[in-house]
Amino acid sequence: MALVLQLLPLLLSKVQGNPEVSLEGNPGDRVNLSCIGVSDPTRWAWAPSFPACKGLSKGRRPILWASSSGTPTVLQHFSGRLRSLDTGIKRLELLLSAGDSGTFFCKGRQENESRTVIQVLGDKAGCRPSGSTHGSEYSKVLIPLLGFGLVLGLGALGLVWWRRSCVPPSHIAPVINAEPQRPLEQDSKISGHLDQEPNLHYADLDHSVLRRHRRMSALVPGDASTVYAVVV
């Protein structure tokens, strides 16, 4: 009974020609749009309730135009889901999709219009297109990982620089100036001087002692015992 009371205003609006109708449905349902009170409709427009769900801006946008050929022109967004049920565009059938919630306007030649408000169950203000949702989730994970990796890299570079600055420089071996090798002639001269060292001892004897010995030998008689003095 309660359900009948809720649907009664909708049924009465269709019978009485109320210019504004409200409909609800799930994605995949088919709903009928009718121009109520408009005798000669020329186009349909749509103002989405949640433009972000379809990546659109706010405001009205035309979705279908009457054509002289009899085949109406449908906006790409509703292509394959919106079709006319008669020779004109007075009655349409729409296959609902997520994000279709909004107000559909039927405009006539005298700029009179009727409105049909459609609420797709599940639509909400925070919805996003599925592609952008996956992209946003991927970016939410990727950006922190990149930031964490950058911090780790900078930390490692800083640690290496700090260790290098704290460690004293390695011991450098003192530079030894190698003496030039002496020629063979100098070596032979040095060896010759070493061989002559015993003769130098005799050459360096104190001659005053020898002279004193001679004087003593002159004063001592010949028969006196000879005294030899060896000076080393």
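Along the chain as shown, the residues are counted starting at 1.
Glycine residues also receive a Cβ, built from the backbone N, Cα and C atoms like all the rest.
Keep in mind that what you see is a predicted model, and the values were worked out from it rather than measured.
Looking at 8-13, 140-145, 200-205, the range tied to motif 'ITIM motif' in Swiss-Prot is 200-205. The Cβ neighbour count for Asn32 (N-linked glycosylation site), using a 10 Å radius and every protein chain shown, is 13. In three-state terms derived from DSSP, Asn32 (N-linked glycosylation site) belongs to an extended strand segment.
According to its DSSP assignment, Asn112 (N-linked glycosylation site) is coil.
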